[in-house]
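**Student:** I am attaching a structure below and will ask some questions about it afterwards.
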């Protein structure tokens with residue numbers, strides 16, 4: 001392995017921030033991988049909830065885009081990207097829509113916490129560029145995503161899932177099926 005040459009563009013970019021960005025890239029790719037697993041679980045012929053599948057596939061693409069945005073930032077700031085192995089999802093069988101939404105909510109809260117810690121690090125290292133980047137591209141979107149998932153969990157519970165397969169089907173058809181026209 002060759003050592004990376006020093007960057008000409010690096011300025012006020014602490015090594016701790018560079019390392020934290022690489023960890024965040026890994027976490028975003030992990031989240032994308034989890035959502036991809038969820039998507040294709042709901043696409044199975046014995047589950048057949050196509051709008052859950054579409055919803056989680058969209059989430060997977062968003063998380064991958066977040067990772068790519070961080071990679072672009074790393075290069076712009078003169079940092080070096082060091083990719084790590086992406087952990088496989090904790091499960092392959094997501095059981096039902098409520099369980100998957102609860103797992104997704106927990107995942108988004110974890111990603112948000114990591115971003116908040118990255119923002120604190122950037123503040124501590126006096127890096128206004130990184131603070132602005134995180135605020136502009138991530139924090140508000142995370143809060144919206146957490147709220148949306150929380151609403152989905154609440155509605156699925158109120159409808160009586162997972163005991164009621166009909167409720168899950170109706171949520172898939174009417175809530176997730178209508179989200180395309182609202183976006």
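Cβ from N, Cα, C; glycine included.
So Swiss-Prot lists the following for this protein:
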BINDING   28, 63, 66  Fe cation 1 binding site
BINDING   63, 108, 142  Fe cation 2 binding site
DOMAIN    11-160  domain 'Ferritin-like diiron'
MOD_RES   1  N-acetylmethionine
MOD_RES   2  N-acetylthreonine
MOD_RES   179  phosphoserine
MOD_RES   183  phosphoserine
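How about a rundown of where these features are and what they're close to?
**Tutor:** The DSSP secondary structure for residue 63 (Fe cation 1 binding site) is helix.
Cβ neighbour count for residue 142 (Fe cation 2 binding site) (all protein chains, 10 Å cutoff from its Cβ): 19. DSSP assigns residue 142 (Fe cation 2 binding site) to a helical segment in the three-state reduction.
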**Student:** Residues other than 63, 108, 142 within 8 Å, Cβ to Cβ centroid, of the Fe cation 2 site?
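**Tutor:** Other same-chain residues with Cβ inside the cutoff are 31, 59, 62, 66, 107, 111, 112, 141, 145, 146.
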**Student:** Quick one: Cα separation, residue 108 (Fe cation 2 binding site) versus residue 28 (Fe cation 1 binding site), in Å?
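**Tutor:** Pair distance, Cα basis, whole Å: 10 Å.
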**Student:** By DSSP assignment, list the helix, strand and coil residue numbers for the domain 'Ferritin-like diiron' (11-160), in that order.
**Tutor:** 115 helix, 0 strand, 35 coil
**Student:** Measuring CB to CB from residue 66 (Fe cation 1 binding site), give everything in the same chain under 8 Å that is also at least six residues away in sequence.
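**Tutor:** In sequence order, 28, 31, 137, 138 meet the Cβ cut-off.
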